[in-house]
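Here's what Swiss-Prot has on this protein:
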SIGNAL    1-29  signal peptide
TOPO_DOM  30-1369  topological domain 'Lumenal'
REPEAT    68-78  repeat 'BNR 1'
REPEAT    120-130  repeat 'BNR 2'
CARBOHYD  314  N-linked glycosylation site
CARBOHYD  339  N-linked glycosylation site
REPEAT    395-404  repeat 'BNR 3'
REPEAT    456-466  repeat 'BNR 4'
CARBOHYD  985  N-linked glycosylation site
CARBOHYD  1280  N-linked glycosylation site
TRANSMEM  1370-1390  transmembrane segment
TOPO_DOM  1391-1422  topological domain 'Cytoplasmic'
TRANSMEM  1423-1443  transmembrane segment
TOPO_DOM  1444-1502  topological domain 'Lumenal'
């Protein structure tokens, strides 16, 4: 309901007199107050929107979706589509609007966005409206409209298309203001124009034509749907010529993954990236949409949601970076140089709030003046965040170089700013030149707004201030400063408004028709109008009022030239006009005491005048690759300078080089006779870049002796891609509890926490910079900065003696779960899980009598932020039946979806639970879930001949399917079983491979190759019948290239490393008598090692032999493949360890556990090998490690000097081999240094693998350069292929025949396909079974359709079936839609997300051990294991043994040798082994029963 009224503040007698005087022609037409009109609403309105330079205003009624429009500043209102006489297509507008958006660069245009794909546009400030349609709702996550900075007809519409299960962000574009609309592409975080602002258009004239239609979009990764793989791509043809677009070269000419946001600011585009494994952001900036640079903030770290890009200038970017804990909310203000690359610190301890708002504002229209609030007692706040903060105000008149206090005469003034703003629009200033206002107080610091606040005003841009009105007021400036209006704002009703016509020196009063509590006061954005709008409310009854207040009648006189002054915008310390960016700035401004209004040019924004100055030092900035010195007086090189060719023959020579300075682009200072800091200077050659020699002499080695009995566990705290820094940090615990740290990859070590005995290291699963150091007591230690410093907290219980102690949250970095023994008087104390949301500062109990609790948060698992799973004993009794208990509110409420469980494990998107089978005694069964809410029984194939399921091992799920090993024989030293593979939700399994080898510990000879889709190696027992009779196992190695659908023998090389043919001679083709066999996971001394590395795609090593079966490891040779396992060659006789460096640029081999002083390395993909002597004395090498990503040029040998007890680490540094970074043309993918490598299937043509051709960059073996890239990068998915037989596998209850076809298992009936309809009531149709199902990983299109031949309508959906043809998209046990990219990328998620959760649970009465890996960079990790005392920490994907009883987990991780438990090693060793498995084991067997391990365990117990 709307009620309108109009009233004047003049008396009736005076009004009659004025009318009479007017009727006789007198010029006296002056009123004593403003005209006031109002309307009443029943609900709160949205913020009003003004058309700039007009009195036309709109607002949206939030409850009804009605749009109100006024052409007279709010006096008269009409509802568009109902009672509006405006021309145009507005009929559908009556109740259909969700938002109003102005065009930011064209004051004639605005847009009303509707709910149902129908929207409206005006091009004449609301006089007419035109309807247009876009088949998508406005995006809820991205700005719905993105505008072009030069052509106002170009607009990007960002919407979302939703089905019953998911929404897809998509972008459309128009080039004619929605006369026509075209789809552009699906996105992850939306699209924007390269020319996104007028300032960008003005500054890029050189490339104007090239980027005129350029669009930038943040899209999903090619193989990974998660935010860590988001890419920034661009297109100059709206993605019509190239659907995927071209990746922007953000960092040194190369693309960057993990783009989370991109935005335009003045003449810059800023993009932020965050890599997996860090909370640090990298910011990239461009000023031409072509060349990008990483922004440098010195030693300051930028974190997600911990920085704010502020209002900048046309020559710099302002960024406030939070440099404290979020509870204290203080920051550092930085200003960039002119290209946005190097940022300098302006002022520290800026005041921020929890939402990231910063107390910062540039004074509108005046260059160089900035108002900020800082925390004066910052030290007290850092020590006690709950202490009262003392905020003070500061102002700068020189672009932030210096700051000073605000002054009211001789008193300091402090003003409430952005974080406490009580109005809309700017806080202090407006386009009215020099008029600045604020609410605050004088004194030592800022006090309460309501109790102590007064209104202050300055009319000289903040140089001097005076009290305007007592008590806090909302305020607005109109008519370019000629009128100021205010209303008291102390949370009490008022009807009095006040106004001033002389810059706030004197005030007049007018009254409203009722008392209201003011909500906001506003006027036109350019502050040119004489009309104001006030919105307020009354509490009883709850009504809202909108007041239009018109001051046009206060004066009749139009201002003349004599009423204006030429006002200097900035003054120096002498009171003279000051220079900035090479000029002085002036405004033609109405004098404060002029008795007039500016009516003739009312709606024209004031424009400044400029006068040039001579160049001074302040007009220069640091040039590219230079940064300010500490005293900010010089520009010093940020990198080593390269001397020109032909110079620097001796170190004593000099060469002409850059001074380090350049004139700030856009600076207009006069250079004649002025300072010239940018002239070239002489630079010493000794500081220039030296050229490496390029041979083995350039490799260096550094040895360090560690005084300890034995190495323990160690972890690389590797920097992620967006993390700035060059250190290569390792933390290492010795078996006697000492902690050692190196920041230079083992070249030097320091002993930390010297008075503390560390029992375990528990690296943070999701953040590489963090690690926790657990002791036997309750005081625990941790680092959050890569072991630069250490802090402590008090744990709520001691370390868990038999399982995981610490659990981490994927999103909230300070959330932790601690599980440990509770307090009891006798017997075995039940374990208790606690939660802390503040990194251990405080703890609350989650559940008692648990085995473990884990966070289940996952980026693609809806509403899982607070989801927790616990394995709890019924009745909170130690001997109570175990049950799965879940909660989304920290167990204020909970559910119990499964009882009688053995354990649960998480693998990528899958949650696998082993429970006792109620229908079969002493047998287990598997349940699965994807969303953590709905669970379903797993259906095993009937041809799986395992009558009693006593043991499972959950293997890899990196290809959107679970691989599960079901044990057929679990007798000591005879164990083997079948590998079955699930569908996309983990519930329906088909047989993949029989008789796969399993060891006594429940681990399996099965490994997916890092980075290669669908390629896996396995060892099978070829003599199972003899094994059943007690014979030793004979193992045969097999390989699959299509994700386990088909397995083949591994082809042997034709000749050995000496050029001799193998005795079994097969001409390179595998036969039963002659194939390559490789020692697998169950035989590794370091369980975290892998055949390959995710960063060196397709490069593989293995130790084994050629023959009929796998021979002794002592007689093995070392083999290498460069094509993903399709072909192999022997590279060395003997058993060697291997590692990959610089993404495969350097391959290193060292003989395992034999005295040696030499390593071998190759820089040409294994074609040739060079020997390097790393020690004068022979060393027995126990492990070889490098950073988990395999991108370092440093390696570390762990060993013991032969003939002595000295333990030694030896760093190998290969960085001197090459002197340049390889050149890459990302647009074509090839260059003089790179070629494109395509994985392929050995039996398929055209390099199609899983329905597409994938291309990777590979450095040419002949190129003498470094990759210097932090992650393996897919160049592109060049195209999808048509479907062939290789894109299908046998369906449930079908098996592969000798001719390759799939047939029903004999004796079984076809599955009842209509069950699908019963399980999915919303499904429209089902398909008759064909015996085939698509491999979840494939993206093929068209071609052979083997899985869907005949469809049928589901009962009661016949009519819908007729209307819709195609699959329903539901899955077996609950509805879920998973994009193809998820299917392709699940392994990458495993690699990046699940670093450190890899546990094992065993049966029987023996001790148990947990296996752990450190973090690595391997997308398709399988089977990592290593032993760690008392807890499972830092692994990528848990192998988990689920069995009938829970057993304790004990032991230590250390370098193999001398009867000690297993170590932690490198990327491939270390964390590389990321995603492996979990097992469920039998009742009687000792797991990890291998003699070596049992002895090691015994040693540790003793």
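Every residue gets a Cβ built from N, Cα and C, even glycine.
Quick caveat, the model's predicted, so the values are computed rather than measured.
Structure with Swiss-Prot features highlighted.
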residue : record                      : DSSP (3 states)
314     : N-linked glycosylation site : coil
339     : N-linked glycosylation site : coil
985     : N-linked glycosylation site : coil
1280    : N-linked glycosylation site : strand
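Distant neighbours of the repeat 'BNR 2' (120-130): 51, 54, 56, 58, 69, 71, 80, 86-90, 93, 107-112, 114, 177-178; these residues of the same chain sit at least 6 beyond its ends, with a Cβ under 8 Å from one of its Cβ atoms. Spatially, by CA atoms, the glycosylation sites 314, 985, 1280 include one closest to residue 339 (N-linked glycosylation site), and that is 314.
With DSSP classes pooled into helix, strand and coil, the tally for the repeat 'BNR 2' (120-130) is 0 helix, 6 strand, 5 coil. Cα of residue 1280 (N-linked glycosylation site) to Cα of residue 985 (N-linked glycosylation site): a distance of 24 Å.
For residue 314 (N-linked glycosylation site) paired with residue 985 (N-linked glycosylation site), the C-alpha to C-alpha distance reads 53 Å.
In this structure, 314 is the one among the glycosylation sites 314, 985 with the smallest number of other Cβ atoms inside 10 Å of its Cβ. With every protein chain in view, the residue among the glycosylation sites 339, 1280 whose Cβ has the most Cβ partners within 10 Å turns out to be 339. The predicted model assigns the repeat 'BNR 4' (456-466) a mean pLDDT of 93. Secondary structure counts, DSSP: the repeat 'BNR 1' (68-78) has 0 helix, 4 strand, 7 coil. With helix defined as DSSP H, G or I and strand as E or B, the repeat 'BNR 4' (456-466) counts 0 helix, 4 strand, 7 coil.
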